[in-house]
């Protein structure tokens, strides 16, 4: 190389590190390997070049997965290496439970979740991913059949499980990092699992990439250039999709929803883009390729109910609309019951807030608010005959995932109000029920 590695890396940090300059505290994800060892050292030098008044605090965070017999030695190495630079290294431990996602995916999820709990607003997590990592990522996603978003590779800045993540070395090959480490005499740990080719990334690194390099020496630059093109294409597609989403997105008291009639007017590719843009806006994972077929078939057909369960969320088809529902909301909740000791009254429910007011003074000593238990009936004001609460909720257009937790107001054993949807006849003797004001706020 024409320039020393230290100069090359320092120049790159100056070029890309504006996000670092504007944050309060930088956390370096410090595994102890070559990449993070170089990053920690280089950033410790970089921040010293900044004015003291604008110099962020530099910390290191090491996550011990407990997978290797050497895990405690690596943790000790990281703490000692950071201390030698005058940097605090926080060590976190996670326990892997074989949750079905595979060791690599579960470890990644647990690692970022643990780090996210350590960070506060204004903090930035910085990782040592470099150009060779980016090539592996693009190749791996290509073999999984990813689209433009996946083939764009890793983004330089992204939010992962609540962590603001920045990757300043993404344009530099590993060779530069090796030369930098040798130039400064840095030491690092070697994870023995990196040699195990049963892991897909390791197989790519040790068996596929060397073959590509021997035939196409400029493979790295070519792959990264294609990734850049894919990123530009995806940015354009997402921009168009967001415009279409804003044009059809509806909001009701039950949340956001997309009219099925509007979705059915779109071509299948555009329909997928719009729903995908909605997922991104809400902050949930996009469905897999195999799941998209199920979702589009339901949207274009006459299905009702849940048409896709993504674990953290689900898509529900209801009343000519597509709803994106948090599974924590749609799952059954424990029964609740609140005593109405006086008016005005407010209770925080599993889903929303329920409040009661009256224009006249009332004795509420026998009043209580509960959720549905099944079989309830009442006669709404100005109606003939009683109706089941189940039928009334259907009539009011309450989505199924909210019906179990609709607040019911009782005076003794008499149902006198169904949320803020219905006031009931025969509620309180000698009292005009229309003077009772109930409000159920879900948002």
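Backbone N, Cα and C atoms are what each Cβ position is placed from, and that goes for glycine too.
TrEMBL has this to say about the protein:
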- 31, 32, 33, 34, 35, 36: ATP binding site (BINDING)
- 367-438: domain 'Lysidine-tRNA(Ile) synthetase C-terminal' (DOMAIN)
Among 31, 32, 33 [binding-site residues], residue with fewest other Cβ within 10 Å: 33
Residue 32 (ATP binding site) - helix vs strand vs coil (DSSP): coil
Intrachain C-beta neighbours of residue 36 (ATP binding site), sequence separation six or more, cut-off 8 angstroms: 28, 29, 30, 127, 128
Cβ-centroid neighbourhood (8 Å) of the ATP site, 31, 32, 33, 34, 35, 36 excluded: 30, 37, 38, 128, 188, 189
Same-chain residues at least 6 apart in sequence whose Cβ lies under 8 Å from residue 34 (ATP binding site): 174, 177, 178, 181, 188
C-beta crowding around residue 35 (ATP binding site), within 10 angstroms: 23
